[in-house]
Amino acid sequence: MKFKSDFPIVLASQSPRRQELLGMLGVDFLVVPSTKDEPDPFQFQTALGYVLACAAQKAQEVAQTHKEAVVIGSDTIVVLDGEILLKPKSKEQAKDYLQKLSGRTHEVITAVTVVQGDSELTFHEAVQVTFYELPEAWIDLYIGTDDPYDKAGAYGIQTVSGLFVKEIQGDYNAVVGLPIAGLTQKLAAAGFIFLEGSGVRC
Ligand SMILES: Cc1cn([C@H]2C[C@H](O)[C@@H](COP(=O)(O)OP(=O)(O)OP(=O)(O)O)O2)c(=O)[nH]c1=O
């Protein structure tokens, strides 16, 4: 099962996880990461408002130079007690994040914006993730690796730090960075993709 498109598809992301997830569709796509800095979270009243703005900014920026294309931008954040945890900038910050997340339930929100010409669609998935209590030695060993530093909340559910996760409620792929099943539904409903060989434009 493979999808096709009448449009060039552009993924506005440097994230290898997002590239891999979009690859599930089998549709050809180009990767053009956005280069603009993400806005300051403190400008926003809610975590959801922030993550939606980040996804929209990425897609809109890349759409300016890819006018014919369907451009997909996405952003993922971790939220604990209203605090937004982005990618940690230091070992200390990674340790602080993981100590806060230990034994608790947090929310991962991934927002997606799709821009094609003048039309734009946006949606998000919110996922509840519960961590086991993390022994300090685990945190110390983990933050000594490269793994936490390109991931919101300082962990990756798809890597060794998936061992920290006791339970998840919601879309696993949204935690990894792209809710690909939901995105497929939206792209098909908008007529941006269709199933190859089915003769049906769903
Ligand atoms: C919580 C969590 C996040 N992540 C990743 C997904 C995102 O790549 C990253 C959050 O940073 P983002 O700013 O959403 O994305 P990015 O900088 O990696 O890529 P781009 O802006 O070019 O699209 O955290 C995981 O890989 N696994 C996880 O379990």
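Every residue gets a Cβ built from N, Cα and C, even glycine.
Those TrEMBL annotations? Automatic predictions, nothing curated.
Copied from TrEMBL, the annotated features are:
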SITE      Arg17  site 'Important for substrate specificity'
ACT_SITE  Asp75  active site, proton acceptor
SITE      Thr76  site 'Important for substrate specificity'
SITE      Gln158  site 'Important for substrate specificity'
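Everything TrEMBL records as a feature, shown here on the structure.
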residue : record                                     : DSSP (3 states)
Arg17   : site 'Important for substrate specificity' : helix
Asp75   : active site, proton acceptor               : strand
Gln158  : site 'Important for substrate specificity' : coil
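Within 10 Å of the C-beta of the residue listed as 'active site, proton acceptor' we count 26 further C-beta atoms, all protein chains included.
Note on Thr76 (site 'Important for substrate specificity'): other Cβ atoms within 10 Å of its Cβ, all shown chains, come to 29.
For the recorded sites given as Arg17, Gln158, the lowest number of other CB atoms within 10 Å of the residue's CB is seen at Gln158. A gap of 12 Å separates the Cα atoms of Thr76 (site 'Important for substrate specificity') and Arg17 (site 'Important for substrate specificity'). The residue listed as 'active site, proton acceptor' sits 12 Å from Arg17 (site 'Important for substrate specificity'), taking the C-alpha atoms as the reference points.
Each residue contributes its Cα atom, and for Gln158 (site 'Important for substrate specificity') and Arg17 (site 'Important for substrate specificity') these two points are 9 Å apart.
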